[in-house]
Amino acid sequence: MATRVQPSVKVLGASFSQEANPFTAAVELTPMPMLITNPRLPDNPIIFANEAFQNLTGYEADEIIGKNCRFLQGPGTDPKHVEIIHSALEAEQSVEIDILNYKKSGEPFWNRLHISPVKTENGELHHFVSSQLDVTLELGKLVELEKERETLSIEKQRSSDQLQYIVEVANVGFWTRDYTTGEISCSAEYRRIFGLTPDEPVNYDKIIDMVVLEDRITLIQRSQESFATGKSFRVEYRITNRLGQVRWVETRAKALLGKSPALLGIVIDVTERKKAEADKALVTREISHRFKNSMAMVQSIANQTLRNATDPQTANELFSERLRALSQAHDMLLREDWTGTTISQICETALAPFNSTFGHRIRTSGPELVVSDRVTVSLSLGLYELATNAVKYGALSNENGTVQFSWDVLERQGERKFHMRWVEDGGPAVERPTRRGFGQRLLYSVLTGELRAKCDINFAPDGLVIDVLAPMTADVFPQLDSLSDTQAEPV
């Protein structure tokens with residue numbers, strides 16, 4: 001909307017005649033809509049309207065002459081614009097303004113109105129001359145442009161809000177470092193990662209001091225290379241933030257070169273991802289280790305079985321049974337996420353094949369003790385072999401014999417000891433074997449190698465008795481620290 005008020009510079013002779021005055025003739029013939037009003041008459045009426053004005057407004061001359069210009073105003077006319085015009089006329093000054101007027105048809109149009117006072121040589125106000133220009137189309141385009149600008153502004157704000165939401169959800173921090181001053185402008189997420197307060201000033205020295213020394217040189221070099229080449233870079237490094245937390249951070253940045261060089265980038269906390277990668281690597285190594293151990297166990301079972309078997313069929317049966325026992329032991333560990341198993345669970349699994357026939361003759365007892373995964377597999381196989389031998393040669397080979405397997409924790413000279421006992425009773429007379437079988441060799445391997453135990457095997461006439469006494473260490477008993485003192489029986 002154009003509005004301009006300025007002092008008058010026009011002067012007209014004292015006499016004024018529409019018929020004779022060349023000025024009036026020029027106004028009549030101009031294609032610009034023109035009006036002349038007489039401020040010396042009440043209400044400053046219109047005394048002249050050219051044909052162009054009549055064509056613009058749709059009014060005839062007799063509908064115009066004698067009226068005040070306000071007859072063009074309507075319900076949409078802004079009173080503020082009317083007041084601007086009135087004030088200029090009162091001050092005998094020129095004015096230019098865009099005002100909403102109405103044609104005879106009721107159609108509104110934007111009128112670019114210019115009014116100038118005409119004065120005599122003595123400086124007395126004689127007339128007002130005004131020109132009109134229909135600028136509806138022009139202002140309409142401006143309105144459309146303004147609406148488009150507002151729409152773009154709204155869309156820009158919406159996009160900004162969406163970007164901010166994405167940034168918050170993605171936990172990405174933004175930052176800009178001034179190359180000259182080292183000052184850093186950063187987002188809230190950036191401050192969270194580095195443990196900074198919301199209003200705390202941030203600069204390059206403060207941040208670089210948080211970077212772990214081993215990673216600091218790499219970060220500095222990559223930043224310098226970016227300023228030298230203008231290329232972007234990506235680097236992962238560790239920080240010890242202001243809260244004392246060690247975090248893994250990933251930075252992606254690019255130097256903006258020019259009169260005001262700066263480094264613009266994002267930062268992401270990748271601590272959890274790094275932890276997951278480390279856990280994955282650990283699991284991979286652990287799986288490889290356990291696979292090798294399992295293969296070694298299978299190879300040992302195969303060698304021992306084939307070496308002592310009397311014929312291929314027997315060898316195949318023994319080997320299959322022992323592999324089933326090994327498989328059951330591994331299934332048990334999988335259920336416990338390879339964290340170890342209680343001895344009660346080991347007994348239940350290893351002796352399961354014998355329970356249906358000899359369940360009432362095989363008794364187990366002892367506290368809830370968890371042993372490591374390595375001991376779980378070996379002890380399961382050992383118990384399976386002892387029970388198998390009891391069926392073939394020992395207490396379970398007749399109708400009356402029994403087996404008692406027990407374990408407990410003893411207190412000796414202020415140290416905890418693990419005590420385990422296998423007792424066969426009521427079976428045939430026992431004779432010391434001329435050679436060690438697979439079960440006995442496996443049991444010795446578990447006891448002396450993995451439990452670091454002292455083992456006493458007694459082939460008494462009434463039945464086999466095995467006594468084991470081992471130190472209690474955390475690598476064999478993972479829950480040793482949580483074992484209550486009440487579980488230890490003084491001896």
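In case you wondered, yes, glycine gets a Cβ from its N, Cα and C as well.
As given in Swiss-Prot:
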type	residues	note
DOMAIN	19-92	domain 'PAS 1'
DOMAIN	93-147	domain 'PAC'
MOD_RES	C69	S-4a-FMN cysteine
MOD_RES	H289	phosphohistidine
REGION	286-368	region 'HWE histidine kinase domain'
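Secondary structure of the domain 'PAS 1' (19-92) per DSSP, as helix, strand and coil residue counts: 35 helix, 8 strand, 31 coil.
Remark: secondary structure over the domain 'PAC' (93-147) totals 12 helix, 30 strand, 13 coil, with classes taken from DSSP. Mean pLDDT for the region 'HWE histidine kinase domain' (286-368) in this predicted model: 67.
Sequence-distant contacts of C69 (S-4a-FMN cysteine), defined as residues of its own chain at least six apart whose C-beta falls under 8 angstroms from its C-beta, comprise L35, T37, N44, I46, S130.
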